[in-house]
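Structure first, commentary second.
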Amino acid sequence: MPIAKIAPSMLSSDFASLAAEAHRMIKNGADWLHMDVMDGHFVPNITIGAPVIQSLRKHTNVFLDCHLMVSNPEKWVDDFAKAGASLYCFHIEATNEPEALIEQIKKAGMKVGVAVKPKTPIETVFPLVDKIDMCLVMTVEPGFGGQKFMPDCMPKVQSLREKFPKLDIEVDGGLSLDTIDTAAQAGANVIVAGTSVFKAESPKDVISTLREKVESVQSKS
Ligand code: DX5
Ligand code: ZN
């Protein structure tokens, strides 16, 4: 399994103080920052776009893990690349031409992620795995922070991990100290956490415990 990466979801931050919130998370041990992009069409909520990524990029060099919950993900690749996104993760449900999109993202100079919603079979990404950097297995229906983790998504993580031992596998939605063991044991190594990190008394302790839990599974494998 690749190394553990903890990616606080900035959706749970105070958007009015985005740079300060980002620095706070980095200081507390975040490896990546997870940026939730929603268009009000693919999901029933609207959040941020490339201009916000561009503003944040001026304040930090951290890896910006951009999760595009949008229809027509092809449309925004160049804008996000120019804005300074590190990884562009699109939803498999949002495109009919994933291979062309993967090429477009690589050409633009970003790493590539493919996300699957809870009801989407994981087999849909199998043919793409050797072309991508990360697979995101959603553990809630995308659209909002603060939802309950869906353990029934874990067999998807498991079968992905069995087939692809070196792939970065990200889980997103409802990850906390209560659910991390289940996700880590299934084989996830990139952990997105919004509510559980931002609402914690000590985000630092939560981030380091999430990391330890993933590492303890890794040390046994
Ligand atoms: C949900 C987003 C998640 C969300 C996670 O659509 O993709 O990244 O912010 O938040 P929590 O950790 O609160 O479930
Ligand atoms: Zn997300």
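Keep in mind that glycine also has a Cβ here, set from the backbone N, Cα and C atoms.
What TrEMBL says about a protein is an automatic prediction, not a curated fact.
Straight from TrEMBL, the features:
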- ASP36: active site, proton acceptor (ACT_SITE)
- ASP172: active site, proton donor (ACT_SITE)
- SER9, HIS67, GLY143, PHE144, GLY145, GLY146, GLY174, GLY194, THR195: substrate binding site (BINDING)
- HIS34, ASP36, HIS67, ASP172: divalent metal cation binding site (BINDING)
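Secondary structure at ASP172 (active site, proton donor), taken from DSSP and collapsed to helix, strand or coil, is strand. Apart from SER9, HIS67, GLY143, PHE144, GLY145, GLY146, GLY174, GLY194, THR195, the residues listed for substrate, the same chain places the Cβ atoms of LEU11, SER12, ASP36, VAL140, GLN147, ASP172, GLY173 within 8 Å of the centroid of those Cβ atoms.
In sequence order, the recorded positions near GLY143 (substrate binding site) (Cα within 10 Å of its Cα) are ASP36, drawn from HIS34, ASP36, HIS67. Residue with the densest Cβ environment among the active-site residues ASP36, ASP172: ASP172, by other Cβ atoms within 10 Å. Sequence-ordered, the extra residues of this chain that approach the divalent metal cation site, with Cβ no more than 8 Å from the Cβ center of HIS34, ASP36, HIS67, ASP172, are ALA7, SER9, LEU11, MET35, ASP65, CYS66, CYS89, LEU136, VAL192. Fewest other C-beta atoms within 10 angstroms, among the binding-site residues GLY143, GLY145, GLY174, are seen around GLY143. Rounded to a whole value, the Cα-Cα separation of ASP172 (active site, proton donor) and GLY145 (substrate binding site) is 10 Å.
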